[in-house]
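Chemist: Structure provided below as C-alpha cells; questions to follow.
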Amino acid sequence: MRLQIKDIKIIDPLQNRDLIGDIFVENGRIVSKFLGDADKVVDGRGKIAVPGLIDIHSHLREPGEERKETIYTGTRSAAKGGITTVFCMPNTKPVIDNAPTVEFVLLKAQKEGLVNVLPIGCATKGSHGVEISEIGVLKKAGIVAVSDDGLPIANSQIMRRTLEYTKMFKLPVISHGEDKELSKNGVMNEGKNSMILGLRGIPKQAEEVIISRDIMLAELTEGYLHIAHVSTAGSVELIRQAKKKSIKVTAETCPHYFTLTDDIVKGYNTNTKMNPPLRRQEDVDAIKQGLADGTIDCIATDHAPHMEEEKNREFDLAPFGIIGFETILSLILNELVDSGVLSLSKALSKMTSNPAKIFNLEGRGTLKEGNIADITIIDMKYSYEFKKENIVSKSKNSPFIGRKFKGGAVMTIVGGNIVWQV
C-alpha cells in the first residue's frame, strides 16, 4: 500500500530532524517519494510524526497465562498507546528457554499481533539461575536479549559466565535488580510509610546491591549489561559512575517511577503494588535527573497484566505489577516534556533511537528513508480521561485509572499499515 502523511511535523531524534513535511510509505518502507497517487492520504496538520515507539520490557503472558493477556490483546493495547514494537519477557509458562517456544511466540505474533513482538530469552535454563541457556540457539531462533526477569541471577559466577557468553552474540543481559533475601516477604518500599501501614518493606539496597554487583561483573567481562526498571536514587548514581568509567551498561526506568511515590500506597490500592516498589520523592527526582543527563537510556512499561480477582485481595497477597501500554506516552508527555525535564525529541529518543541502538534493531528507531515504516502520530492537544471501560488490555490493573491526560497517540502505523487510530 502507498501511504502519504501530509503537512505533518516530523521529529526524528536520531537524525536530529524537526520540520514540517510529508512522509511517503510504499511496500512497508519509508521512501523519499513515489510516482503517482497514494492509496491513502492522512492529513497531518497540527500533529507530530515520530519513529514508532519501542517498549523493551513487557509481559504478554502467552503462552500459559492467557486469562491475563494474550499476544493479540497485548499488542492491541500497545497499538492504542502508540507502541509499534514490544519486547516480551520470558517468564511465561513454559518459560522462553528453548527455540520452539521462541518460534511459538514469533509465529503467534505474526498471525495475531498488531505490532512487532520480539522475545527475550531466559538467561538460564528454566530461569533457575543454575545452568546457562543455549543462547546461540535462542539467538538463531530470534531473541533480542536474555534475562531471568523477575529473578536475579543470584550466583555471581553464573552471572559472570552469562555476560561472557552473550558477548559472543552481541546480546545484552537484562538484569533484574533485586536481592531476594533482602526483599523477602516485602510488599512496598521500606520506610516511614511501610511502618505506618504495617506492611513489610523492601529496602532500596535490595535493588542497589545487585546492580552494584552486576556493574562490577560487566566491567570484569566487558559484557553488555542492561539494567531493568531502575527505581532508586542510589541505582541512578551507580549507573552514572559506571558510565563515566566506560563500562558497557545501559538502563531503563518506567513511568510510575518518575510519576508516583509510595505515599499513594496509603489507600491500600493493590494497583500501586509493583516490583520494584514505588519509592520516595527524592528517588523520583533522581530518576528524572538520570533521564535528563543520559544516565537512564530508555523508558519502558514493565506492562504486567493481572486479573481483577487476583488484585482484589489483601495488599500482602495481591501480585506485583501494573499495565502500562496505554498510558506510557501520555505520562512521558505530561510528566517529563510539559514540565520541562526533557525536550520532546530527547524524551522520544528513550523509546525510539536509544532502544534500537542498544538492542541492534536494524531498520527501526528512526524515520530514515529505506527503514521499516513504523510510525507513531501524536496530537499534543488530544485530551482524554483514562477510564477502566476504555482499556483494551485484557487486564485493568492500573493506578492511573481516572487520570486526565493531554497529549497522546492518535494513530499507530506498523510496517506501513494503520493498526490503530482515534
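Cβ coordinates are placed from backbone N, Cα and C, and glycine is handled just like the others.
Relevant sequence annotations retrieved from Swiss-Prot are reproduced here:
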- ASP302: active site (ACT_SITE)
- HIS57, HIS59, ASP149, ASP302: Zn(2+) 1 binding site (BINDING)
- HIS59, LEU60, ARG61, ASN91, ASN275, HIS306, PHE320, GLY321: substrate binding site (BINDING)
- ASP149, HIS176, HIS229: Zn(2+) 2 binding site (BINDING)
Chemist: Is any of the recorded positions ASN91, HIS176, HIS229, ASP302, HIS306 within 10 Å of HIS57 (Zn(2+) 1 binding site) (Cα-Cα), and if so, which, in sequence order?
Modeler: HIS229, ASP302
Chemist: Just give me the nearest neighbour of ASP149 (Zn(2+) 1 binding site) among the binding-site residues ARG61, HIS176, HIS229, ASN275, HIS306, Cα to Cα.
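Modeler: Closest recorded candidate to ASP149 (Zn(2+) 1 binding site) by Cα: HIS176.
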Chemist: Compute the C-alpha separation of GLY321 (substrate binding site) from HIS176 (Zn(2+) 2 binding site), stating it in Å without decimals.
Modeler: 14
Chemist: Between PHE320 (substrate binding site) and ASP302 (active site), find the distance joining the two CA atoms and give it rounded to the nearest Å.
Modeler: 11
Chemist: Can you name every residue in this chain, apart from HIS57, HIS59, ASP149, ASP302, with its Cβ inside 8 Å of the center of the Cβ atoms of the recorded Zn(2+) 1 site?
Modeler: SER58, MET89, GLY150, ALA228, HIS229, ALA300, THR301, HIS303, ALA304
Chemist: State which of the following recorded positions has the fewest other Cβ atoms within 10 Å around its Cβ: ASP149, ASP302.
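Modeler: Relative to the other recorded positions in ASP149, ASP302, ASP149 has the fewest Cβ atoms within 10 Å.
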Chemist: If you compare CA-to-CA distances from the residue listed as 'active site' to each of the binding-site residues HIS59, LEU60, ASN91, HIS176, which comes out shortest?
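Modeler: Nearest by Cα distance to the residue listed as 'active site': HIS59.
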Chemist: Nearest to HIS59 (Zn(2+) 1 binding site) in three-dimensional space, by Cα, is which of the binding-site residues HIS176, HIS229, ASN275, HIS306?
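Modeler: Closest by Cα: HIS306.
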Chemist: If you measure HIS306 (substrate binding site) to HIS229 (Zn(2+) 2 binding site) at Cα, how many Å is it?
Modeler: 19
Chemist: List the Cα distance (Å, whole number) between HIS176 (Zn(2+) 2 binding site) and ASN275 (substrate binding site).
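Modeler: ASN275 (substrate binding site) has its Cα 10 Å from the Cα of HIS176 (Zn(2+) 2 binding site).
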Chemist: Please work out the number of neighbouring Cβ atoms within 10 Å of the Cβ of HIS306 (substrate binding site), leaving out its own Cβ.
Modeler: 25
Chemist: Counting only residues 6+ apart in the same chain, whose Cβ is under 8 Å from the Cβ of ASN275 (substrate binding site)?
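Modeler: Sequence-distant Cβ neighbours: GLY150, GLU178, ILE202, PHE320, GLY321.
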